[in-house]
Amino acid sequence: LSTGSKPNNLQIFFSEKGRLSNYFAGVFYPILVCAHLAVPAAITLVLDGNPLCSILALSVFVIESLKIVSYVHVNYWCRCAREEKLEASKKADMTRSDVSSPEMASLYPGTLTLSNLYYFMCAPTLCYELKFPNKFSAMVAVFFVSAFFHEYLVSVPLHMFRLWAYYGMMAQIPLSFVTDYIVKGGRAGNVIVWLSLILGQPLAILMYVHDWYVMHQGTAEVPPTN
C-alpha cells in the first residue's frame, strides 16, 4: 500500500504525536490526500491500461485516502478533548500527573503507536472511530463524497467523463427525503429503495458500457436497403 510506505506513515505519526504543529498538519494533510488521489488519476489517464486493473488500483488509493482522513480527524478530536481536560485541571489545582491517569492514557495518546497505525491501514474498515453526527448536512456530505469517488473509480479508468455514477449517487438525497418524509418508510419505502438499487445502478453501468463501446468501436454501419 502506498500510504503504508514508511515516509508517509511516519509524517502522519509524528504529526499526531504533536511533534508537528496543528497549522503544519492543516496544510500537510489536504496536500497529501489531494496528491494521493490526483497522481494515480493522472498516470491512469496518460497510460492506456486495462480498465479493470485501473479500477482496482484506484480503489486502493481511495481506501487509503479515506483512512487517512478518518485517522487524522479522530486523533484531532481526542487531542482537543485532552487539552480541555488539562485546562480544567489547572483551574482545579490538579497536577498533570493526576490528569494523565492510567485510564486516560489507555485511550489517548496511548493509541498513538506505529503498530496501531499500520493495523488500521490494513484493517477492513474505513472508520478509525464510530462517531459521526446524524444531521442532514452530514448525510449530504456523505452522498457527495460517495458520488465523487464512484465517478473517480469509473470515469478515470475508462478515460471518459459522463457523470452517470455521480448523478446516480446524488439522486439518493431527494430519494431519501421521499422515503423518510413522504411515504414515511414502511413497505412503500422499501420498494422504492430496492427499485433504485435493482434498476438505477445497473442502468448507470450499462450507460457507461454503451458509451465506452461506442468510443472504442464506433457505431455500427447499417447496409443500405434496396
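Cβ atoms here come from the backbone N, Cα and C positions, even for glycine.
TrEMBL: automatically predicted annotations, no manual curation.
Sequence annotations record features per position, and here TrEMBL assigns transmembrane segment to 20-43 (among others).
The annotation transmembrane segment is assigned in TrEMBL to 55-78 (among others).
Annotated transmembrane segment per TrEMBL: 136-158 (among others), in sequence order. Panel annotation: around the transmembrane segment (136-158), residues 37, 41, 44-45, 49, 51-52, 54-55, 58-59, 62, 165-170, 172-173, 176, 208, 212 of the same chain, lying at least six beyond its termini, place a Cβ under 8 Å from a Cβ of the stretch.
Beyond its flanks by at least six residues, the transmembrane segment (164-183) meets 139-140, 143-144, 146-148, 150-151, 154-155, 189, 192-193, 196, 200-201, 204, 207-208 of its own chain at Cβ-Cβ distances under 8 Å. Positions annotated as transmembrane segment by TrEMBL: 164-183 (among others).
Marked as transmembrane segment by TrEMBL: 190-209 (among others). Through the fold, the transmembrane segment (190-209) approaches residues 154, 158, 160, 162, 164-165, 167-168, 171-172, 175, 178-179, 183 of its own chain, all at least 6 residues removed from its boundaries and within a Cβ separation under 8 Å.
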